[in-house]
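Engineer: Sharing the record's features from Swiss-Prot:
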BINDING   L9, S10, G11, G12, P13, D14, S15, T16, T17, V18, L19  ATP binding site
BINDING   C193, C203, C206, C209  Zn(2+) binding site
Amino acid sequence: MKKKAVILLSGGPDSTTVLEIVSKMDYEIYALSFNYHRRNSPEVQKIQGLIKDYNVKQHRVINIDLQSFIGSALTDDNIDVPKFKHTDQLPSDIPVTYVPARNTIFLSYALGVAEVIGARDIFIGVHTNDYTNYPDCRPEYIKSFEAMANLATRVGVNGEKITIHAPLINMTKEQIIKKGLELGVDYSKTISCYDPTEAGLSCGQCLSCIARLDAFKKNNVQDPIKYV
């Protein structure tokens, strides 16, 4: 009988690469996505097409309201998503696109689902380029959440172990794209943009788009998605 795994799936290249990696392992896959603001709606739409390429047992889309976390460009309509032209313009501190407690909320949902379905493995697509901008992507955070998960659940108290896997955590965006291309990931079905159009076109100028374009460029590959 296959072990069960919960994967946090955003529709971006990182979590899709994780899905590809896990699909080649001996797991029954349960994917978990979140619809939390109009700006991430195109991500959720992309996932519907993406998920068909994989043997996913179940895909859940959870609607949550993060608009109470004002101050983030990803949840507050009154804040514009910053735009850039080059990677050397990208912020070196925590940007306005940081959403307070987002990964903690997402991982908590994943933990709850894992307990319900009997999974002991949770996968997330954080990586080295996330460390500076997003504190809830750091290795220390992942380890701390795993420790909490094993203290705060029936599974953990009963002596079983829940593991938070971050297979990309020591990889750069460039390395992730290279790995995904080698594995056969169809990146045309992914989206990274923080500020996409209603038609789902990427802006090409937000932090996430610039980082994505740079990663493909460094791999000497044309990014297959459409930009404005």
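Backbone N, Cα and C define each Cβ position, glycine as well.
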Engineer: When you measure from the Cβ of L19 (ATP binding site), which residues in the chain that are at least 6 apart have a Cβ under 8 Å away?
Structural biologist: I7, L9, I29, A31, Y54, V56
Engineer: Taking Cα atoms as reference points, rank the binding-site residues G11, S15, T17 by distance from C193 (Zn(2+) binding site) and give the first.
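Structural biologist: It is G11, whose Cα lies nearest.
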Engineer: Could you tell me which three-state DSSP class L9 (ATP binding site) falls into?
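Structural biologist: Where L9 (ATP binding site) sits, the three-state DSSP reduction gives coil.
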Engineer: Compare the C-alpha of P13 (ATP binding site) with the C-alpha of each of the binding-site residues C203, C206, C209, and give the closest one.
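Structural biologist: Its closest listed neighbour, by Cα, is C209.
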Engineer: For the Zn(2+) site given as C193, C203, C206, C209, which other residues of the same chain have their Cβ within 8 Å of the site's Cβ centre?
Structural biologist: V81, K83, S192, Y194, D195, P196, S202, G204, Q205, L207, S208, I210, Y227
Engineer: Can you check which residue among the binding-site residues L9, C193, C203, C206, C209 has the largest number of Cβ atoms within 10 Å of its own?
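Structural biologist: Counting Cβ neighbours within 10 Å, the top one is L9.
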Engineer: How many Å lie between the Cα of C203 (Zn(2+) binding site) and the Cα of G11 (ATP binding site)?
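Structural biologist: Each residue's Cα considered, C203 (Zn(2+) binding site) and G11 (ATP binding site) end up 16 Å apart.
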